[in-house]
């Protein structure tokens, strides 16, 4: 991908925004169409979309004022490169870092709560509780790390390379930890439901179709890998490209990770509405067998989770209550109902 093509950068930015907006719109329209309440996972992804839109505006603004996408003809380590354009690019990049980490954390949390709603296994939900705490800790720690990377000398970020290295020596290792842990948490969040889905009593082709609706997030993992590669090679001195083009590459892949993450987080929730609006039987069969779409929220939830409902032998009521009941303080609106359906 070329980072010195302003028109291409703006076009790609707008296209990603339109795709993300379409997925968010369909997700909430589906909720209203099915007369379902808005869940925690929906609110989280909506807030993430708002911040993602902010990143889109920042990217377009950066290209418009030539802080992004327009070569500086100097490396980031060249003292002559310290000028108004590069400083503006660094301001945008710092904002991208802070907003991007927070937004990615919201997306990961939204996906975790989506898993919570779809899978009613108690052990699975206990693991999700731990993983949600990990994601919150990841998001909080790296937002604070971005704010405090130069201690009380925040202006050193926008100064000479020597001043940056003197006051912000921990910024580079912190950045490595951030991009590495971002890739790791993306990957782990992506594969969490795979063992559960693969253990379902379904035909293999049906399992694969269900998995594909969740594995769209692999594209987001790819974007995070690209962003990590650009950052690590730049800080190791092997990335000798123009200073502004380095920051442009980081910003556009950060944006791509956010927008693709939003699209992927919406993917499993769009099956009912897509089955309703897509015209051809072949596409409908690819999405899964079509069911009746008239009814209340219980019918909608059954439609979304029909392919992933766990089949277990019936146990006596007393046994189910003792072995399968979640603590009251971790229950969500659907938890008790889905546990009773197992």
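Even glycines carry a Cβ here, placed using N, Cα and C.
Here TrEMBL gives transmembrane segment for one range in the set 208-232, 233-257: that range is 208-232. Same-chain residues lying 6 or more positions outside the transmembrane segment (94-116) and placing a CB less than 8 Å from one of its CB atoms are 39-42, 44-45, 47-48, 51-52, 54-55, 58, 124-125, 128, 131-132, 135-136, 138-140, 142-143, 146-147, 157, 178, 182, 185-186, 189, 192-193, 217, 220, 250-251, 254-255, 257-258, 261-262, 264-265, 268-269, 332, 335. The domain 'Rhodopsin' (26-275) scores a mean pLDDT of 86 in the predicted structure. Looking at 6-29, 41-64, 208-232, the range that has the most CB pairs within less than 8 A of the transmembrane segment (183-201) turns out to be 208-232. Under 8 Å from some Cβ of the transmembrane segment (208-232) lie the Cβ atoms of residues 107, 111, 175-176, 179-180, 182-183, 186-187, 189-190, 193-194, 197-198, 200, 202, 239, 246, 249-250, 253-254, 256-257, 260-261, 263-265, 267-268, 271, 286-288, 307-308, all in the same chain and six or more residues away from its ends.
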